[in-house]
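Now, the feature entries from TrEMBL:
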- 51-74: transmembrane segment (TRANSMEM)
- 95-116: transmembrane segment (TRANSMEM)
- 122-140: transmembrane segment (TRANSMEM)
- 147-167: transmembrane segment (TRANSMEM)
- 187-206: transmembrane segment (TRANSMEM)
- 261-409: domain 'Oxidoreductase molybdopterin-binding' (DOMAIN)
Amino acid sequence: MGAEQGPHNVISARGHPLCRSLRTPHVLTPSRTDLRHASYGVVSTLLGMGAAHLLAGLTVPAASPVLAVGSTVIDLTPTPLKEWAIRTFGSADKIVLVGSVVVVVLLLAALTGVLAGRRPTAGLIALVGLAAVAGALAATRPAAGPLDLLPALLAAAVGATALWWLTRLDDRATDGPPDGAGGPSRRGVVLATGGLAAGAVALGGLGRWAASYRLGGTDVTLPEATGPAPAFPRGLEERVPGITPLRTPTRDFYRVDTRLSLPVVDVDEWTLTIDGDVDQEVTLTFADLAAMGVVERDITLTCVSNPVGGPYVGGARWLGVPLRDVLDKAGISRTRADQILSTDVDGMTISTPLRVALDGRDSLIAIGMNGEPLPRENGFPARMVVPGLYGFVSACKWISRMTLTTYDDELAYWTERDWVTDAPIKLSSRIDTPRPLSDQAPGKVVIGGIAWAQGVGIGRVEVRVDGGAWQRAELGPEVDDDYWRQWFLEWDAQPGQHFLACRAVDKDGQVQTPVRTTPFPSGSTGVHEIAVNVS
């Protein structure tokens with residue numbers, strides 16, 4: 001059979017040179033035609049992604065194809081790699097992840113464009129296939145609904161149409177001015193491609209704005225506390241410049257979770273259900289919760305991903321209903337459960353030992369933070385706060401359900417990934433000032449930082465210089481045993497490089513261990529040590 005001829009055929013009609021070119025090195029070098037078609041694939045995919053991101057912003061932000069793929073990557077990433085990303089990129093880890101997903105998608109899109117230039121139907125099918133994968137990932141999220149498929153469908157339609165159009169334009173293009181038959185010039189194709197690229201950027205920006213607009217504010221009226229916290233003391237911020245504030249400003253409170261987009265929660269429609277091994281299933285509205293009698297408590301929270309000396313710890317004043325009171329609404333006197341399996345509005349699960357609701361600690365379903373409603377980033381309209389436990393076994397944000405069950409019957413998200421089920425926060429301390437590797441003038445240097453021993457309280461903090469004897473630091477004001485404590489020590493600094501270390505001792509006399517461990521599977525340990533230069 002003779003060779004089929006056409007603009008997309010890889011076999012030339014002049015003697016089938018492809019068979020000969022397979023033996024030459026230049027076959028792997030992309031041609032100018034391939035590069036043009038690669039750009040068409042990239043631009044078409046960007047346009048589809050932009051349209052999908054806009055639709056997702058108007059409906060379900062988490063269903064955006066890029067975010068759906070990124071969320072799946074988070075779920076499938078091995079724990080050591082995930083912890084490395086948090087250590088390396090900090091709060092920018094999600095930005096790096098989304099950027100990486102976009103780069104990979106665009107590389108695949110470029111290959112799709114090249115394929116479309118050679119075999120148009122196959123290229124279009126490949127592009128639709130990329131969108132289909134994203135759609136499948138969005139539709140299989142724990143709390144996914146029918147609307148979650150729409151952004152991927154739109155991405156497929158818009159992307160495929162744009163790729164078909166650009167490929168057709170390229171086929172008809174001439175190197176000179178537009179011909180009389182209506183064929184575009186090569187410059188016209190470039191302008192068309194640029195126009196679609198600009199449209200993609202605009203759609204993506206509109207999608208981001210739409211998602212932010214839908215989040216709206218957190219304008220709710222908080223009830224007065226029936227059990228207000230004591231007056232908050234003045235910290236050491238003025239006396240020790242550079243030390244962590246005694247109360248973390250809400251805007252600076254750490255955020256570590258698996259989310260690439262914040263959930264959209266209408267407080268008027270939000271409910272909290274208590275079910276499982278209880279006397280009766282109960283569903284509470286926000287108004288029900290606020291009317292139960294709220295208390296104020298000063299509590300320091302810590303993320304298990306916090307490395308030695310890390311930033312993922314914060315102290316705040318929380319307003320909420322005692323967790324025991326909420327559970328009593330459903331009746332737990334005869335329960336055989338040993339865990340509370342909390343579920344957020346999008347299906348994320350967190351397991352908490354039931355005993356923490358029964359042992360007298362100030363566990364809360366919190367609705368306020370530092371005198372204001374919870375911010376979206378920290379769980380609006382309600383979240384769990386448990387002093388003394390790392391967040392991955394207690395701090396369910398955007399909580400919508402609490403199921404009393406057993407660890408044998410139900411596994412939470414982190415339990416499935418081999419983290420422990422019961423994780424008390426480790427006795428820890430940190431040097432805030434001077435900063436690591438900073439230059440200091442000889443003479444008096446104030447070393448300062450924070451220490452925490454939730455549930456027990458800090459007894460003392462000690463500082464060591466260059467491996468010498470431990471020196472007792474001066475403690476700042478005490479808030480309560482569930483709250484961190486500031487400390488400082490004046491040091492007569494001499495020229496040279498010096499190593500500073502700190503350790504905490506709790507009120508029971510337990511000394512912070514010097515043994516270094518990683519955050520996985522139950523929290524890091526070790527003494528925080530930094531180097532400074534005095535000159």
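The backbone N, Cα and C atoms fix where each Cβ goes, glycine too.
Curation does not apply to TrEMBL; its annotations are automatic.
Most Cβ pairs within less than 8 Å of the transmembrane segment (51-74), among stretches 95-116, 122-140, 147-167, 187-206, belong to 147-167. Outside the transmembrane segment (122-140), and at least 6 residues removed from its termini, the chain residues within Cβ reach (under 8 Å) are 41, 44-45, 48, 52, 62-66, 68-69, 71-72, 105, 108-109, 111-116, 148-149, 151-153, 155-156, 159-160, 163-164, 167. Long-range contacts of the transmembrane segment (95-116) within the same chain, counting only residues at least 6 positions beyond its ends with a Cβ under 8 Å from a Cβ of the stretch, are 30, 34, 37-42, 44-46, 49, 66-67, 69-70, 73-74, 85, 89, 122-124, 126-127, 130, 163-164, 167, 260.
Remark: secondary structure over the domain 'Oxidoreductase molybdopterin-binding' (261-409) totals 23 helix, 58 strand, 68 coil, with classes taken from DSSP.
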